[in-house]
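Participant: Take a look at the following structure, please.
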Amino acid sequence: MAERVEASVTEGENTIEEREVGAMWELEQKLDQPMDEEANKLNNMYREKGLSILMLLRLSFQSLGIVYGDLGTSPLYVFYNTFPDGIDDSEDVIGALSLIIYSLLLIPLIKYVFIVCKANDNGQGGTLAIYSLLCRHAKVKLIPNQHRSDEDLTTYSRTLSAEGSFAAKTKKWLEGKHWRKRALLVIVLLGTCMMIGDGILTPAISVLSATGGIKVIKPNMSGDIVVLVSVVILIGLFSMQHYGTDKVGWLFAPIVLIWFLFIGSTGIYNICKYDTSVLKAFSPTYIYLYFKRRGLDGWISLGGILLSITGTEALYADIAYFPLLAIQLAFTLFVFPCLLLAYCGQAAYLVNHKEHYQDAFYASIPNSVYWPMFVVATGAAIVGSQATISGTYSIIKQAVAHGCFPRVKIVHTSKKFLGQIYCPDINWILMLGCIAVTASFKNQSQIGNAYGTAVVLVMLVTTLLMVLIMLLVWHCHWILVLIFTVLSLFVELSYFSAVIFKIDQGGWVPLIIAAISLLVMSVWHYATVKKYEFEMHSKVSMSWILGLGPSLGLVRVPGVGLVYTELASGVPHIFSHFITNLPAIHSVVVFVCVKYLPVYTVPEEERFLVKRIGPKTFRMFRCVARYCPFFFSVLK
């Protein structure tokens, strides 16, 4: 009987506690008033405006200097890295050319320019931009600071999945386990870290390959002099970055334009002069014959062929700098044809001069235009580095937004184009890394091996993320997703299997860079999540604040007091310390929260949310300032 009475009393106490908790929750909801936007929205103000033909041509021209420089300088070193030990059979050149042609067709043109680049976050590209899209379409973000009002943003675009659809099932599966969300973030950060490594290796191999042309004319020149010249050029390149993408683009675009015209016209000249039969490489039959003839050596040579599509991953990261249509126009009508002509011309020369495999590019240039071509090649190599440098700025900015990287200074270099930025701290880190790699290796072959490893891993990560984009965002039929996945993985895993053989020949460099970057990003993100969770669990009870009365138990002096907090709701724990340790507090208290959102930009009219905390007599408010990653940036 006593046990029954005790159980009844216990149940009664639990019921009373539950009612008290429920009552306090309702009280907090009533006192913590819904947020109202400070100003009215301007619907669709950040959608891409229609571009005139003249503006489109201008931006297409500028994109040559920023986006395509890296991809355009690949002819400097592809054939040397494909045949590092020499050419045994002229037919091997035709087979390698066929591989280059179809690699350019499948990866840069079809996959990236016309498919992957459409998966942009309001114009922003890269693996973290894909992650932002996924965070809006599924609850995969590890920092639990999402608010329903965020979804009302003009730039917070997302599509809903029909119940029971394949997209809805995929979304449910992804959200079902915490380890899946964490695995997704690790994959994204891996691609981001490889892209940072790419930003170090691209300038090194491009500039070193271009300046190596001096030794073709003067073979007795010391290799240390070539390295020294390369280092001086790299220092000059990174010192120019603070002028901004717009100015650098206007400076570099004419150089790249002349470069593409030069390599295209030289290619036509070599095809006509040496061997027009190389055009048979457009038949994929020669790919099969190439592997049949060379066996394992042919498969390993894919590591050199891979360098013909390097710069493609930077192309995707750089789409924030220019409209997608301008990038597609420039590549399809100008860059792609010139690259095909350049490689066909080099192949035609090598068929008849197999002994020049080490310097195929410079050896195939007519003597009458050698020095002008050398100057333009050096300039183009410098420009080629610009694509990955600009792309690195973009992904660092995105990493800051997701709480995966320390806050660094970001400078806006253009009043017209929001995506054109400069990051001083990252710029000098990249410069030191480039100089270290150039001075250490002194050999474009080993740098090429390292470069290829970084590029293929970024491509593999992009393919995996694109599968989720096609399912959750685009709602593509699973058959289309399967076709895209199988074709992409077949090509990229083939390249990956080839670069594995070169890990000990320089391929370890990007892995070390990525490991260090991944460690920094993982630790920073972990600390950010733990800090937010601590503040969430240490919030001050509203009943305690109400018990203090309108004066909060202190003298209220004239003025406005700002209290910074990471919380978008509730009163932070630090406020209780102010109440218990300060003799007075301002008559108006505002809790300020700076919140980063997974969007490319937050319109000014939707940036600030203001709400009252408690009764009017308490004069306490909350202001949530919602930003994209540009908060700690300066307009130059």
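Backbone N, Cα and C atoms are what each Cβ position is placed from, and that goes for glycine too.
So TrEMBL lists the following for this protein:
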| type | residues | note |
| --- | --- | --- |
| DOMAIN | 60-545 | domain 'K+ potassium transporter integral membrane' |
| DOMAIN | 558-627 | domain 'K+ potassium transporter C-terminal' |
| TRANSMEM | 93-114 | transmembrane segment |
| TRANSMEM | 225-243 | transmembrane segment |
| TRANSMEM | 250-271 | transmembrane segment |
| TRANSMEM | 298-317 | transmembrane segment |
| TRANSMEM | 329-349 | transmembrane segment |
| TRANSMEM | 369-396 | transmembrane segment |
| TRANSMEM | 417-439 | transmembrane segment |
| TRANSMEM | 451-472 | transmembrane segment |
| TRANSMEM | 479-501 | transmembrane segment |
| TRANSMEM | 507-529 | transmembrane segment |
| TRANSMEM | 541-564 | transmembrane segment |
| TRANSMEM | 584-602 | transmembrane segment |
Participant: Report the listed stretch (93-114, 417-439, 584-602) having the maximum count of Cβ pairs within less than 8 Å of the transmembrane segment (479-501).
Facilitator: 93-114
Participant: Counting by DSSP, what is the helix, strand and coil composition of the domain 'K+ potassium transporter C-terminal' (558-627)?
Facilitator: 14 helix, 35 strand, 21 coil
Participant: Go through 225-243, 329-349, 369-396, 541-564 and flag the stretch with the largest number of C-beta pairs under 8 Å relative to the transmembrane segment (417-439).
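Facilitator: By Cβ pairs under 8 Å, 225-243 leads among 225-243, 329-349, 369-396, 541-564.
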Participant: If contact means at least 3 Cβ pairs within less than 8 Å, sequence distance 6 or more, would you call the transmembrane segment (329-349) and the transmembrane segment (584-602) in contact?
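Facilitator: No, the stretches stay apart by this measure.
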Participant: Is it true that the transmembrane segment (298-317) and the transmembrane segment (369-396) have 3 or more CB pairs under 8 Å, sequence gap of 6 or more?
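Facilitator: With 3 or more qualifying Cβ pairs, these stretches touch.
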Participant: Same chain, outside the transmembrane segment (507-529) by at least 6, Cβ under 8 Å from its Cβ: which residues?
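Facilitator: Distant contacts of the transmembrane segment (507-529): 142-143, 185-186, 189-190, 192-194, 196-198, 200-201, 399, 402-406, 433, 437, 447, 449-454, 457, 499-500.
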Participant: Apart from its near flanks, which chain residues at least 6 from the ends of the transmembrane segment (369-396) lie with a Cβ under 8 angstroms of it?
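Facilitator: Long-range Cβ neighbours of the transmembrane segment (369-396): 65-73, 76, 124-128, 192, 195-196, 198-199, 202-203, 206-207, 209-211, 213-214, 217, 233-234, 236-238, 241, 245, 248, 252, 255-256, 258-259, 262, 266, 311, 313-315, 317-318, 320-321, 361-362, 405, 408, 410, 419, 421-423, 426-427, 430, 434.
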Participant: If I take every residue in the domain 'K+ potassium transporter C-terminal' (558-627) and average their pLDDT values, what number comes out?
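Facilitator: Averaged over the domain 'K+ potassium transporter C-terminal' (558-627), the predicted model reaches a pLDDT of 84.
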Participant: Using Cβ atoms and a strict cutoff of less than 8 Å, what residues sit near the transmembrane segment (250-271) while being 6 or more residues removed from its termini?
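Facilitator: Same-chain contacts beyond the flanks: 61-66, 68-69, 72-73, 75, 278-279, 334-335, 337-346, 348-349, 364-366, 369, 372-373, 376-377, 379-380, 382-383, 386.
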